[in-house]
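Now, the feature entries from TrEMBL:
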COMPBIAS  1-13  compositional bias 'Low complexity'
REGION    1-46  region 'Disordered'
COMPBIAS  36-46  compositional bias 'Basic and acidic residues'
TRANSMEM  59-82  transmembrane segment
TRANSMEM  103-126  transmembrane segment
TRANSMEM  138-167  transmembrane segment
DOMAIN    178-338  domain 'Lipase maturation factor 1/2 N-terminal'
TRANSMEM  179-202  transmembrane segment
TRANSMEM  214-233  transmembrane segment
TRANSMEM  297-313  transmembrane segment
TRANSMEM  319-341  transmembrane segment
TRANSMEM  376-397  transmembrane segment
DOMAIN    412-555  domain 'Lipase maturation factor 1/2 C-terminal'
Amino acid sequence: MAASCESSETSESTLRRRRGEPQSSEASSDDGNAETTHEGDASKYEKRHQFSLQPGTYWLTRVVLLRAIAFIYFVAFGVAYCQNRQLIGERGLMPCKDYLRSVKRYVGGKIGLAALAYTPSILWFLDWEDMDTNLDGIALVGLALSGFVLLSGRANMVIMALLWILYHSLVNVGQLWYAFGWESQLLETGFLAIFLCPFWSLAQLPQRCPPSLISIWTFRWLIVRIMLGAGLIKIRGDRCWRDLTCMDYHYETQPVPNPISYYLHRSPWWFHRFETLSNHFIELVVPFLTFLGRRMCMVNGILQILFQVMLIVSGNLSFLNWLTIVPSLACFDDASLAFLFRRSEGGTRHMVQKIQEEEASGQSPPRTKGMLIRRVLNVSLAVLIGYLSVPVVMNLLSPRQVMNTSFDPLRIVNTYGAFGSITKERTEVILQGTLSADPAAPGAVWEEYQFLCKPGNVKRRPCLISPYHYRLDWLMWFAAFQTYEQNEWVIQIAGRLLADDSAVLSLMDHNPFLGREKPRWIRGEHYKYKFTVPGGPGAAQGKWWVRKRIGSYFPAVNLTSLRGYFQSRNWPHPDIQ
């Protein structure tokens, strides 16, 4: 009974405090401890809910998106800085200067609108006498700008447009080395990022330039098209996607496996069937959740991100999967991304809450001419994306669907797809050299060159490099299931190796003739590779792979025999460079 009265008095005291009514000194004295406790609880409650955010705004989403896009740009420009000289530089395998000259001749010999429309690049306006410096300069500026956005989470339209123009300038002269779907995907993603930002301000939360819902939806539309394109090309492509057996081969035959691929390849058959079914569900069904309200859109975002993380873990697919995560982030609003930001007073999360409170109380900034222009710009973006999406949607609906294709020269809206067909056996081209004067002599010793990441030495552990990308290694994967006549650049590599060319050797992991004479002959051998069985006899010997020779990929060549081949293709002969 006493306990009941005490509880009643405490409750009455608390109600009086909340109503602002005076309390008796007796109540204050007797319930002093209770008052302190309740004040502490209230303080904790207020602190816990101090920075809670309401759904429907995208200030934090913009910060996360900009940092994610900047990260991909940083990786892409880093790859360009490390590899462009060897691939498209002055002495590269496919010099971009020669490519620009051929385009110039094709459009009439002038650098004008026709040349820019055919190959949009600022390299047209730079001094061609030192193309290596131009390529390095573009990459370094890109690294600096993307690094700034990545670290600060701040950007404006000028910075994001510059990044887009700089990367466009490389992709459009990169020829075979940049002919991958993720290059167009990065350009499209980068273009959409321009419209996320204020024109000039570098404020992280510019109150007069809230993130446009139109801009957010352009990213959502991108992830829908990416996934549907990838899913439909599989269903229409290789039969193994329909009979659920593709994953029996994928981990072993993908372009550049990693160590985890080795173990996933030996998963039980039922797990591979589950993987294939899950792939179809994620790519063909889940994207439609985007249009079913906030919660379902977030479910789509979560599933897409988890799916891309699994792909990142299971293989080295360049920065493709990292890039595909980016538009999925647009499925989340401020309330759902708040956990990524600290609760500190005056921090980004706190400032967004203040903006939300001001908007709720009708204290939004007065509309200005600039805000009106911004609205017109956003509507124009929606019209542009809608118009350019028409051929893309028609392609998705077509039974003759093509993947990784651009329908406009600026690659603003593209069609995507990946692994429409799966190779069932892994083949590799192994380059070998010898010091023997006679390549056919029984005693000729052939020594192997090793690439940076692709399989070669059967005892070398598969590499783990994602999101970085070795462009030459990737192209060697394509060359292995084609012929050298379809990949003439392989013969150019052979010639460069005969001349001990430092540019090409920098793309290699192991030169067997380092510190010795130059090789007299180079040949290409064709091998079939298979993973060893974990715990099996091969693995016990330290082997990750077993291989079997298929035959010759190209015959033994020397500098003399290659002279005519190089001249007919207007390549500089390696021994006179």
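Keep in mind that glycine also has a Cβ here, set from the backbone N, Cα and C atoms.
Secondary structure counts, DSSP: the domain 'Lipase maturation factor 1/2 C-terminal' (412-555) has 28 helix, 40 strand, 76 coil. Taking Cβ pairs closer than 8 Å, the transmembrane segment (103-126) reaches residues 96, 134, 138, 165-166, 168-170, 172-173, 409-410 in its own chain, all 6 or more past its ends. Over the domain 'Lipase maturation factor 1/2 N-terminal' (178-338) the predicted model carries a mean pLDDT of 96. Same-chain residues lying 6+ beyond the ends of the transmembrane segment (297-313) with a Cβ under 8 Å from its Cβ atoms: 220, 223, 227, 260, 278, 282, 286-287, 289-291, 321-322, 324-325, 328-332, 336, 466-467.
For the transmembrane segment (376-397), same-chain residues at least 6 beyond its ends with a Cβ under 8 Å from one of its own Cβ atoms are 195, 212, 214-215, 217-218, 221, 225, 228-229, 232, 405, 407-408, 412-415.
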